[in-house]
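Asks: Once you've had a glance at the structure underneath, I'll fire off some questions.
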Amino acid sequence: MVSFNTLLLGTLLISMSSLTIFTSSAKVYVVYMGTSTDTDDPNEILLQNHRILSSVHSGSIQEAEASHLYSYKHGFKGFAAKLTADQALQIANMEGVVSVFENQKRSLHTTHSWDFIGLGEKETMEIPGFSTKDQVNVIIGFIDTGIWPESPSFSDTDMPPVPAGWKGTCQSGEAFNSTNCNRKVIGARYYHSGYEAEQHAKLKIEELEKEDDNDDDDDDPRKKVSYRSPRDSNGHGSHTASTAAGRYVENMNYNGLAGGGARGGAPMARIAVYKTCWDSGCYDADILAAFDDAVRDGVHIVSLSLGPDAPQGDYFSDAISIGSFHAVSRGITVVSSVGNQGTKGSATNLAPWLITVAASSTDREFTSRLLMGNGAHLKGESLSVHQMRAPARIISASIANRGYFTPYQSSYCLESSLNYTKTRGKVLLCRHVERSTESKLAKSEVVKAAGGVGMILIDETDKDVAIPFAIPAAIVGKRMGNRILSYINNTRNATARILASNARIGSHPAPRVASFSSKGPNALTPEILKPDVAAPGLNILAAWSPAVGQMKFNILSGTSMACPHVTGIVALIKAVHPSWSPSAIKSSIMTTATVFDKNGKPIRVDPESRRGNAFDYGSGFLDPTTVLDPGLVYDAKPTDYKAFLCSIGYTEKLLHLITRDNSTCKNQPFSTPSSLNYPAILVPNLKSSFSVTRTLTNVQKQRQRTIYRAVVATPHGIQVDVLPHRLVFSRYGQKMNFTITFKISAPSQGYVFGYLQWKNKKSRVTTPLVVRAAPSNLGVVV
């Protein structure tokens, strides 16, 4: 099928051959006209849109109004209309028009991430061979920044009554009351005592500037930047909730980008909101109160896209570890994010009872074309809908330094560092410090304020994270950045033109582990693998709070976005297997994950594209098409986690503080944390020989005898023996033990990786093996 994805700003770059694809029939186009300000009159914007349309309809107001679909009047200005290709070309050349692009709808763009990982139905999210209709009885608790209940992602149309076992409440507060809950968002609470105690002040409630000077309705919730209620003024909570359990939305897009249908992983599951996060963060006292209420309210899953900074304190001092321990002990599955520090050993949310999620890419990227004066056509990551009408001179920001700023400082486009005279009318090549907290968006605003018309930002680390820049701009990696810099340094009056962003699918291997995703090993207990699994977390489109930027939807990146993808799959598993324990659910997700991308090649890790391992993606990339029938699971009971705490040195006094029962460390079933029945086996200090025993439970319901055989990919330099080598199951729920023994067979240094797979004709139960030889056993290879 011929596609025409983007009409470029100014004079559209269309070859004569491309023009032949158009006929006189009209299509829907989006006309983008820049940012809307508080002084813009929405009615005047509408009239302006009609005037533009009438000019291409031979002056006919009637034809203009008939072609007009809707106007953008708040977050940005513009309109959508039915136009021929010639009419679109005319409008693109008009004053004030930034860009014109075809409103092409691809199948279920999204949260395209659900299509990418293999779930394609609009609402049912059915997995072949299983019915997930009982997801209407699954309740997910989100500990986050609240929710924007009016979002179409949280509609309760055609949903049955609230499950009878629900004991939660819809807590009233500022711009939020009981009517804001429905059969989709069935409960909402907010917590601020811990926040207020830390801040030594009450929550500061501010008002946004009025959208209209004549609007005196001070009760409009869109004018608040913070709400003393479950209402989301941040956007993060709405985004994560809709990713996991949002209803199908017919036309979700970001400023016209990535338009199409979107939905969460379990669109018919129920949502309960626990707002604990405020502008400055989420505090332990509030998090624990939320866990406490969630357990009482009757949620089945808790999702937390938040966590401590690395290095994480021990389990006893971490509210999420403690709260989730209580939840899991009561059969509630808890899903969390691994963190965004991106470096080795920076993983957080390390408790073995949590499911901890790393972030990966999908096969969709948002790119802007960079047209260099030497004829080179490059591309960079961007969400900018702005576009340069013509080429402009490009310079390094280092030569535009101002006042007391050195060239080195100005090369990073810091605030007030750029000279207006040197910058005016130019494209600036800026740098971004590796893992810096500096805002990339702010850099584009600095360049714009200094008179720049575009920016290319060199950022090797997070180059795949698209940013909605304030001017035409894009992010490139170090290698491409050096290529551009060489062009600038060796060319008199070098030029560049930056085009608007486009969404592209299938242009690169995927999934890849995102560069910002925190990595193992587990710095607290190296015998426990973290992260556990990887899921899409790069450039994810989902619901948003209009209190921020007056947008209904937004694109975000982070392990915060990966976490709810797993949460949605957990809800589907609960719908099909309501009696499964949290550890069985976790095992089904981990043992069915894949370590290969969609091209059948090993998953790579950004930014250097090295081959990944278990410290990058855990057991692998989430595969929702197989999680409902894993064959075998590694199950664990709450008493096993208590034994784990004893094995890592917790005293009975500390154990009691966590469990609040009479648990003791006497006669515990194992003495080392490697013996916890976990779906991954790690031996971080192998001296000569070490054995681990695991228990597998049969969860296949067919009655015939099933035989599994062990297949081992041995870690380099390690001998691995499995006894027995064959497991025979004859009934559902049957348990069988096996012992795996590791011996050093050759010198090795650092961690080495392999896997154990229990295999039959139908199932592949895969377990990561991670081993590090003790220093005393390291030798010299001759």
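Every residue gets a Cβ built from N, Cα and C, even glycine.
Automatic, uncurated: that is what TrEMBL annotation is.
OK, TrEMBL features for this one:
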type	residues	note
DOMAIN	28-109	domain 'Inhibitor I9'
DOMAIN	137-600	domain 'Peptidase S8/S53'
ACT_SITE	D144	active site, charge relay system
COMPBIAS	208-219	compositional bias 'Acidic residues'
ACT_SITE	H236	active site, charge relay system
DOMAIN	417-484	domain 'PA'
ACT_SITE	S560	active site, charge relay system
DOMAIN	676-771	domain 'Subtilisin-like protease fibronectin type-III'
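For each feature listed, report its degree of burial, its nearest neighbours and the pertinent distances within the displayed model.
Replies: In sequence order, D232, H236, G237, T240, A241, V273, Y274, K275, T276, C277, S303, L304, S305, L306 constitute the residues six or more apart from D144 (active site, charge relay system) in its chain with CB-CB distances below 8 Å.
Across the range of the domain 'PA' (417-484), the DSSP-based residue counts are 21 helix, 15 strand, 32 coil.
The number of other Cβ atoms within 10 Å of the Cβ belonging to S560 (active site, charge relay system), over all protein chains shown, comes to 26.
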Asks: Near the Cβ of H236 (active site, charge relay system), how many other Cβ atoms are there if near means within 10 Å?
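Replies: Its Cβ shell of radius 10 Å holds 22 other Cβ atoms.
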Asks: With DSSP as the reference, give the number of residues of the domain 'Subtilisin-like protease fibronectin type-III' (676-771) in helix, strand and coil.
Replies: 0 helix, 61 strand, 35 coil
